[in-house]
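Summarising the annotation, Swiss-Prot assigns Cu cation binding site to 106, 153, 156, 161 and lists similarity to another entry as the type of evidence. Look at Swiss-Prot and you will find 70-168 tagged as domain 'Plastocyanin-like'. Summarising the annotation, Swiss-Prot assigns transit peptide to 1-69.
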């Protein structure tokens, strides 16, 4: 059988106490707050935001500089052996990006007899044994001397894969 025992518990009453307003203020002043760390967190967050903005700006500058480059495709969309465009004009110092558009191996060689006087063809040409084999592979060059430059793809020159760039 279960037995129940009863115990008397006294609960104190606080109804007769008076509060002191000065004590409240001093108690509030002693409460530690985390506001001393907030500026540090804000600075870290601001630096993080600044870093993200800086990276985005740098990426935009890189993309913009690539957008200003002239692109010449090595191989036509229909599979033809051609530079597209085969003739172009650029400003001195402007970047020309030759991009393999097909799966055929191509290169870019400037004809030493068909470039402005004083320009070294070996410094602006790909070595004839080097090839851009896969679609999307690129070769970039900047031509500084004004004049007309004729170029060709050494494996496909006999098939008419030649081009010309005029530097103004």
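Each residue, glycine too, has its Cβ placed from N, Cα and C.
The C-beta environment of residue 156 (Cu cation binding site), restricted to residues of the same chain at least 6 apart in sequence and closer than 8 Å, consists of 81, 104, 106. Listed in sequence order, 81, 82, 83, 106, 152, 153 are the same-chain residues six or more apart from residue 161 (Cu cation binding site) with CB atoms under 8 A from its CB. Neighbours of residue 106 (Cu cation binding site), defined as other CB atoms within 10 A of its CB across all chains, total 25.
Secondary structure at residue 106 (Cu cation binding site), taken from DSSP and collapsed to helix, strand or coil, is strand. Within 8 Å of the centroid of the Cβ atoms of 106, 153, 156, 161, where the record puts Cu cation, the same chain has further Cβ atoms from 74, 75, 81, 82, 83, 104, 107, 152, 154, 155, 157, 159. Looking only at the domain 'Plastocyanin-like' (70-168), the predicted model's pLDDT averages out at 96. The 10 Å shell around the Cβ of residue 153 (Cu cation binding site) contains 28 further Cβ atoms across the protein chains shown.
Look at residue 161 (Cu cation binding site): DSSP puts it in coil. Residue counts for the domain 'Plastocyanin-like' (70-168) under DSSP (helix as H, G, I; strand as E, B; rest coil) come to 10 helix, 38 strand, 51 coil.
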